[in-house]
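Taken verbatim from TrEMBL:
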- A:19-520: domain 'Cytochrome oxidase subunit I profile' (DOMAIN)
- A:30-50: transmembrane segment (TRANSMEM)
- A:70-100: transmembrane segment (TRANSMEM)
- A:112-133: transmembrane segment (TRANSMEM)
- A:153-175: transmembrane segment (TRANSMEM)
- A:195-220: transmembrane segment (TRANSMEM)
- A:240-263: transmembrane segment (TRANSMEM)
- A:275-296: transmembrane segment (TRANSMEM)
- A:308-326: transmembrane segment (TRANSMEM)
- A:347-371: transmembrane segment (TRANSMEM)
- A:383-405: transmembrane segment (TRANSMEM)
- A:417-439: transmembrane segment (TRANSMEM)
- A:459-481: transmembrane segment (TRANSMEM)
Amino acid sequence: MSVATTANYLNAEKGIKSWLFTLDHKRIGLMYLFAVMTSFFLGGVFALLIRLELLHPGQDFFTADTYNQLFTLHGAVMIFLFIIPAIPAALGNFVLPLMLGAKDVAFPRLNLASFYIYVVGALFALYSIVAGAVDTGWTFYTPYSTTTSTSVISMTMGAFILGFSSIFTGVNFIATIHKMRAPGMTWFKMPLMVWALYATSIIQVLATPVLGITLLLLVIERTVGIGIFDPAMGGDPVLFQHFFWFYSHPAVYIMVLPGMGIISELVATFSKKKIFGYKLIAYSSLGIALISFLVWGHHMFTSGQSEFSSMVFSFLTFFVGIPSGIKMFNWLATMYKGRITFEAPMLYTIAFMFLFAIGGFTGIMLGAISIDIHMHDTYFVVAHFHYTMMGGTVIAFLGGLHYWWPKIWGRMYNEKLAKVAWAFIFVGFNVTFFTQFFLGSQGMPRRYYNYLDQYQPLHMYSTYGSWMLGVGFLIMAYYLIYSIYKGPKAPNNPWGALSMEWQTTSPPIQHNFEDQPVLEHEPYDYDTRMVVNDELIKKEDVKEKEDINV
Amino acid sequence: MDPNGSLIFPSQVSTIAPEVDALFDFILYLSIIFFILVVGGTFYFAWKYRKKGEDTFTKDLSHNNMLEVLWTVIPTILVFIIFVWGFKSYMKMTIPPDTSMEIKVTGQKWFWTFNYAEGATTTNELVVPVNQPVRLLMSSNDVIHSFYVPNFRTKMDVLPNRYTQLWFEATETGEYNLFCTEYCGKGHSEMIGKVKVLARADYDAWLAGAGNAGANMKPEEFGAKLYKDKACFTCHSIDGSPLVGPSFKGIFGRTEKMTDGSEITADENYIRESILEPQAKVVQGFQPIMPTYQGVLKDEEIDALIAYFKTLK
Amino acid sequence: MEQAEKHPSYLQHHFADMAQQTDAAKLGMWVFLVTEVLLFGGLFGFYTFFRAWYPEMFMEAHKYLDVTMGTTNTFVLITSSLTMALAIRAMQLGKKKQTIAYLAGTLFFAAVFLVIKYFEYSHKFHMGMLPGKFYTFEGIQAANPHIFFSVYFTMTGLHGIHVIIGMIIITWVMIRTMRDEFSPEYYNPIELTGLYWHLVDLIWIFLFPLLYLIG
Amino acid sequence: MEQHNTATPHVLPLSLYFTVAGTLFVLTGITVAVSFVHFGEFNIIVAMLIATIKASLVALYFMHLKYDNKLFMAVFLSSLIFLGLFLTLTMTDTMHRGDIDPIKEHPIKKEAIIYDK
Ligand code: HEA
Ligand code: HEA
Ligand code: CUA
Ligand SMILES: [Cu+2]
């Protein structure tokens, strides 16, 4: 599979066992990558089926029950199986120790365990498809979820188990970042991706247990009938929503923060410029993580929670916009007077700026209570969260995937096809979801398999867009898989980046670095450092040369 | 799309709608400005500073306090304005005026029932006078539903065992869509109705007639109307195909097996019981999920339904 | 692996020295304890909200919990915490026999705790004070007393599960101690087990007054 | 990197452990005793106060927080802070439902359906 004649982590040990029992963070990261990509395609197929049914009003391909199961599975697979582990557990696992100049994460065995816990959780979730599929929506609202006859328990148990996988990744990363940094790498010399993963881990650790207990109680409620959430039993269904969103709002930042970390890396690397406002970006990650715990009630403005509560939550919601804005402005400023090139990762960066801005602004609209009353549970919300999750996180994930692809496999992908796929995805995405803003504001409720005729044209365009997306992803799947086998050999540092993961070979050797690396320059010192053809050029050394000047 | 509405919103039919739309427009314009600034800036820089020749070192521009303060403070001020504005309209939406008339709303799988103080009861059709504040006192009989009228820009969840309220004042006569927007299972997308806004006089006339609707109809015709109006059709077909519930085709006089093993022939009493106490005897092969129509259907309405069933051979 | 010569066997290859390894492990454990606190936190939330909604019911229902047994169990659990701490201390001083004895003591007290809990539970079951829809007891007048027992059983139940898990881990480190795997230089697993066990104690310290003493 | 201070174990004197355990016993006794006296609302405050003192003793001495890396203390406290935030913010709802319209404060039917039989 691998190119290099020298030993690396891919060919150092052979055989299926050497993968299944590996403690190497790179291999575990790859296994995660395989798992989350499979989940993404599975979720994507569900999405295409949803869109297919919505092409025309009335019942076309699926019954109401099947449709309800489809969007539940789409949501649950995309959230729990794909997007939460996507960046931290797959890409993060691979690059974090490399970026820190460490040999591995702090607890390699826990790392492997969390992968297998993920697998077990995934099996539970998949089992629920066979055992009569779930139809509650990914939000599992009671009392519907406690009364429906579908296999809610296996899906909730699956999500519960997946939660532990996520917790262990978080624990592992926190310890790794605190204790495993290379000599010389102080907190403010870490790459911003590491800061982002750190903030993400904090959320994972603090929020996920509450989801765990919530789902556990849901299971107990269904089996034993303890009645805490069931109004017929003296319980309160709105309480369930508080518990659920206390996790699930911070969870959306579990999704997007690592994405923002990737963007910070990409924007500096492809602008060859020192990142602008390093500290502010680092702090804003922590800021977002903190504030994200205070705003969950904005999902419940119409739920019957107290008016006072709505006021508090609406107020707090807006403060997430500030650190997010800070990041966007800083990325923009980083590009200023840079030397920008347009390989696929940079294209994804630009797409991210475009799409996440729309997602973010519509988030602000939803945060204003009076507007949310109208928009809640319509396609406006659906469009908002696809712009943030797909347009933000998934796009950043794809950017990161292309960026580290040569490091992971030691092979280059086909840049031309990558640009074509990018174009399909970017255009297809906007066609699919921009239309949904209009659908939503016109009043089209979500989770409807059948709708009034007046919404038909927009739904149709949305469906066409989803096909474009499908084509884009097929092209991508093709050239990425092709490159693993036949791609040209990648240099150690194809993008001329300065962070530590590029200072080892592509693919990295088994324990990452020959010797313990020591931080010699900061990750974004593009004003004094430059890498050309794997060769580090220092400004001090080239002063005399005329063509390389400032 | 609503022909009277704008590209973005359906037409404004309540007193609160213009206010919601105004705030939306405000944020929309702000967003466009910031979008041009950030994303336009991205495109501009990407083009302007694209790599033009040899590799070079770049400038050390790593921060600028003035700028950083600016892009922290300005958005903070703006979101503060948005918050206050949004909250003010929200309070207006929340507190009904004292002059409101009250209608009791019940949501259940998968239809709406409206009970008027004057005694009228309607299903899936809310009839209100124009320019009159109306307060809806809502609750659900099973899971959570949500009452949503896009033209009014108003929405509220309907919870089991708890009251929630919602008020509006319609400003134009006409017929408007009413959706259930909280996912409630199989019939969620069918749980839609109409809000009919009538001129005062028409409303009074309607109210007077609503009490004895069907008075000048043949019982089986009235029954057929009730079959549609009271949403029986969401679960029962008349063509013999079983939906959520058994078909009404040939129901009268049919002999059926119950889940407890007994056999019952559907006569007047049994049908009446099935409607008022559906869980008492459950037909084999079906879930006991039919809602009770106790308080929704009057005696003569049930009689009409039975008359109608008799015609379904 | 490749530099095995200068690495003691218990130092994993990816750490530079013992201090780094121990500190990382402890940090990891503390972060994990945070997740435990929040897991229980959800249940404490239920307690809080429902108590605020039904104060009289809580007041009345809590009288049916056995304060004597609860108090005894508190003493038992504190004692087990003490023996756990002493086990670690003994290993710090290299006293293997003492360590084993103290760990055995901890296990013993944990078992006593569970036995007492068993009697409490079976008494409740017998009286029909079961959670949720199985509740049949008729002695409590205030509305919805079954909620109190739902809260009681989920909280003490989850705590009980933690006690059982703790016992399994303690048994495991005890076996490893017997196999001479630990020394004053390396006793990290015992220390982490201790942290976990103390947390189980800590949670009980809050459960006890909330459930038994103030209703 | 943070300074490492675990190279040699920090052995605490036996007497300290016994003092702490003794104090915990005494406090348990006090809290049980106090519960039989009725201070009304005050009872819960006293009980929680004592529980907090007990918990702090366990954490500081048995769990060595007092002597270990201060980072651990911060980590542990963060869990309590976030739990506090969760409870407080949820109570902005549960305690204020009737603020505008009292009819929304209570369930329609007080008793659960399991008592209907
Ligand atoms: C990655 C995921 C992600 C992200 C990042 C966000 C980000 C935000 N979201 Fe979103 N959201 C979801 C995923 C996400 N969301 C999901 C999944 C749901 C629905 C779940 C369901 O019901 O199934 C949802 C639903 C949702 C709702 C509830 C809607 C409803 O159901 O009624 C609300 C309401 O406030 C909201 C708000 C916000 C806000 C304010 C942000 C902010 O963080 C955005 C901040 C960013 C910006 C504002 C842009 C950049 C800023 C500038 C350029 C500065 C200038 C800005 C200003 C002047 C304002 N979101
Ligand atoms: C990470 C999160 C994520 C992602 C990436 C997506 C991606 C997509 N989503 Fe999804 N979505 C959610 C999370 C996500 N979604 C959630 C949480 C909900 C709410 C669920 C609920 O209400 O409970 C939701 C709901 C939701 C709805 C609303 C359903 C409803 O309310 O009735 C719709 C409708 O259009 C939709 C569409 C899509 C589409 C078209 C994509 C596309 O972007 C998908 C693109 C991917 C592919 C196209 C797959 C790859 C390509 C192939 C496999 C091609 C080969 C195959 C063939 C051609 C057959 N999603
Ligand atoms: Cu009722 Cu959806
Ligand atoms: Cu949110």
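Note: Cβ is positioned from N, Cα and C throughout, glycine not excepted.
Taking pairs at least six residues apart, the transmembrane segment (A:417-439) and the transmembrane segment (A:347-371) share three or more Cβ pairs below 8 Å and count as touching. Ranked by Cβ pairs under 8 Å to the transmembrane segment (A:459-481), the stretches A:30-50, A:70-100, A:383-405 are led by A:30-50. A contact between the transmembrane segment (A:195-220) and the transmembrane segment (A:70-100) is present, since 3 or more of their C-beta pairs, 6 or more residues apart, lie under 8 Å. Same-chain neighbours of the transmembrane segment (A:112-133): 21-23, 28, 31-32, 35, 39, 69, 72-73, 76-77, 80-81, 85, 89, 149-152, 154-155, 157-166, 168-169, 172, counting only residues six or more beyond its ends whose CB sits under 8 Å from a CB of the stretch.
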